[in-house]
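Participant: This is the structure I have questions about; it appears just below.
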Amino acid sequence: MHKNLFTSLLLSSLCVVIFESSFIMDSINNPDDSMVEANGAGCKIFYTITKYLRLSTYTWMFCEGYYLHKLIAAAFAEQKSYHVFYIIGWGAPVIPVLIWAVIRQTKADEACWIVPAEKYEWVLLAPMLVALVVNFCFLAHIIQVVVTKLRSTNIDEPTQFRRAVRATMVLIPLFGLHFLLISYHPTKGDCYILQVYNIATYSMDGLQGGIVSLIFCYFNNEVLFLLKRTYSRKKMFRDISSHMSSRKKSRESRTSVSTNAESIVNENGVVMIKK
């Protein structure tokens, strides 16, 4: 599950970087004769792919929320197949993205579709918002279940509160709930506000993958144990190999010295053994 979310985040970030560095920078450097102004098919297709990957990150965050909620809230329910997650994560975004592309091509075909078309953008924004709202409900129920289980143990309330807060903070980036802070996109107003919004958006987009990977992968006790064990094994094999190589060289050196000391050739070519 995590692999697919990480993959969607990575691909989405790569596409955004490529699009911004290629098409947007070209539009800034050549405002009158840019690929964006030309509104070519290649530019629109690439931008549509970025939209698809962007939406796929939200569908995979929804899959993460649903799966974790099912594990915690319905502890005895078994997930027999993961195909439904692949269909939702990678397949579901295709439909709204295709609808959006058809609408943009017929109703607002300009500037490689990078300029928001107001009401038409809700074709993509609505599924994203639904995924975040549902994940918020999942998180609220998970916290309720966790608090209920903590109260059943002999743990003081401050400790229960800290554990509940820790669980909440850990799940927020995985469920993508921080995007609720930037769910409203200001299209008019002060330029400073738009700049702050863009900086916040790109920062959250760029840091989410790193934060999620650190929390659920590199800071995971099981992963850290496996990394330490792998490092210890490699270090042990390297030390053994170095020791064996050193012994081999030492043995060859002693053999060479012994041969030179025992065998002496006289002037007539007769080998004399020195005793």
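Glycine too: its Cβ is placed from the backbone N, Cα and C atoms.
As annotated by TrEMBL, domain 'G-protein coupled receptors family 2 profile 2' applies to 1-220. The signal peptide annotation in TrEMBL covers 1-21. Residues or ranges marked as transmembrane segment by TrEMBL: 58-77, 84-103, 123-143, 164-186, 206-227.
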Participant: Who are the long-range neighbours of the transmembrane segment (84-103) in its own chain, taking Cβ under 8 Å and residues 6 or more past its ends?
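Facilitator: For the transmembrane segment (84-103), the far contacts come to 1, 4, 8, 44, 48, 51-52, 55-56, 58-60, 62-63, 67, 113, 117, 120-121, 123-124, 126-127.
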Participant: Find the average pLDDT over the domain 'G-protein coupled receptors family 2 profile 2' (1-220) in the predicted model and report it.
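Facilitator: On average, pLDDT over the domain 'G-protein coupled receptors family 2 profile 2' (1-220) sits at 83.
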